[in-house]
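These notes concern the structure reproduced below.
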Ligand SMILES: Nc1nc2c(c(=O)[nH]1)N[C@H]1C(S)=C(S)[C@@H](COP(=O)(O)O)O[C@H]1N2
Ligand SMILES: [Mo]
């Protein structure tokens with residue numbers, strides 16, 4: 001498998017058996033199980049999945065070893081079946097061709113050779129009772145051979161991984177200044193209230209959610225974005241053409257529908273991009289009968305966005321910059337959609353290559369097929385960042401603080417409830433805009449004992465964060481976060 005990984009790295013990275021099988025497992029996993037995995041493992045779900053695939057393969061390989069001692073052909077047959085599954089997974093990936101079996105063939109051949117070699121060594125050893133003089137090769141030799149092979153395998157796999165990563169580096173891209181820049185950015189509460197989420201999320205800390213196990217390899221050369229479907233004319237833009245259009249810059253808070261109340265899948269950045277309206281006008285969409293934009297990424301992943309919402313005048317854009325630099329690969333390089341107020345799964349298509357104007361009746365995107373909502377505005381919510389739930393604090397003057405968001409409506413206030421008493425108004429941090437979260441804090445004279453802290457947000461249109469608890473599926477979580485803190 002390690003050799004196959006290296007072969008894949010040098011030829012077709014997506015065909016690496018572990019990744020191909022992992023990605024296929026992701027696609028075949030039913031939604032409830034996927035939701036459970038996201039809830040239990042969070043963004044470590046990919047590591048858990050790859051680890052599980054590796055463990056399963058190691059167990060089956062061990063089985064092949066046991067079988068091979070009885071009959072080498074049986075052991076080799078087991079390995080061939082395993083490699084065939086991987087080959088099938090690789091060839092079944094979108095955009096794959098017949099050559100994608102190569103890494104799995106390498107796995108089958110090298111696996112068989114190694115297995116037969118180990119079996120031969122093992123057969124020459126004799127149990128100590130039958131060989132008191134110790135003339136036959138010892139079990140130690142077999143163990144050493146196994147250890148040596150493991151070391152070689154680790155080296156091959158690491159080499160492959162290194163090569164894959166370096167092949168995915170983005171070159172230096174200098175983006176033009178915005179024709180319509182965002183206003184000056186205020187200083188955040190994090191400077192005065194330790195523990196509060198920074199007003200702008202540093203790019204490296206921005207949450208990442210997507211169905212990919214491996215980042216795509218896309219460069220600006222050869223990449224383009226097409227608008228087609230029910231439009232007056234199909235138009236295609238290269239990266240340079242997009243960058244040459246008048247760009248807008250906006251501070252927008254993104255949220256994942258899988259975020260539980262109080263959860264981490266929310267982030268704020270300064271996005272630079274072409275207004276969606278401008279791209280649609282080039283294609284001519286004023287008389288379209290479409291009700292959705294079906295976005296497709298470099299590998300055929302689809303995300304649908306309700307068309308009337310995206311074009312209702314909000315700052316929807318195809319972003320090419322994030323926090324002053326080109327988009328990082330994790331966040332959709334070279335371009336992605338950003339629509340303030342809609343959850344990422346119905347708006348934020350990363351690595352976007354195509355926007356097709358169509359209807360929900362005619363075509364369904366990835367999550368629509370899996371019964372998620374199609375029209376999914378971000379629900380108003382708030383989070384306590386400090387103190388941390390279940391933490392121990394010293395009695396005295398503390399500060400309760402956090403963030404609240406109601407994208408495209410704006411936060412009007414945040415209230416805090418201590419030990420079930422009356423809601424008290426928190427002080428809000430600086431205002432960035434209605435599409436951006438708001439920081440808040442409330443000083444608290446904490447006395448000894450266990451205390452329960454809750455927060456709720458109020459939007460500028462009067463809506464108050466509901467206490468009704470909803471699961472993320474199918475249109476986002478709701479409810480109020482309440483944490484317990486021990487004061488001593
Ligand atoms: N191509 C592609 N785009 C995607 C996704 C994906 O799986 N594939 N996931 C979406 C989801 S569910 C969310 S919440 C946002 C997250 O964007 P981020 O990873 O930059 O935070 O991207 C969206 N765009
Ligand atoms: Mo999401």
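Heads up, the Cβ atoms here are built off N, Cα and C, so glycines get one too.
Since this is a predicted model, take the numbers as computed values, not measurements.
Check TrEMBL against the ranges 21-44, 141-164 and you find transmembrane segment recorded for 141-164. Matching 101-120, 121-140 against TrEMBL, the residues noted as transmembrane segment span 101-120. Counting same-chain residues at least six beyond the ends of the transmembrane segment (47-67), those with a Cβ under 8 angstroms from any Cβ of the stretch are 1, 17-19, 21-22, 25-26, 37, 41, 74-76, 78-79, 82, 111, 115, 118-119, 213.
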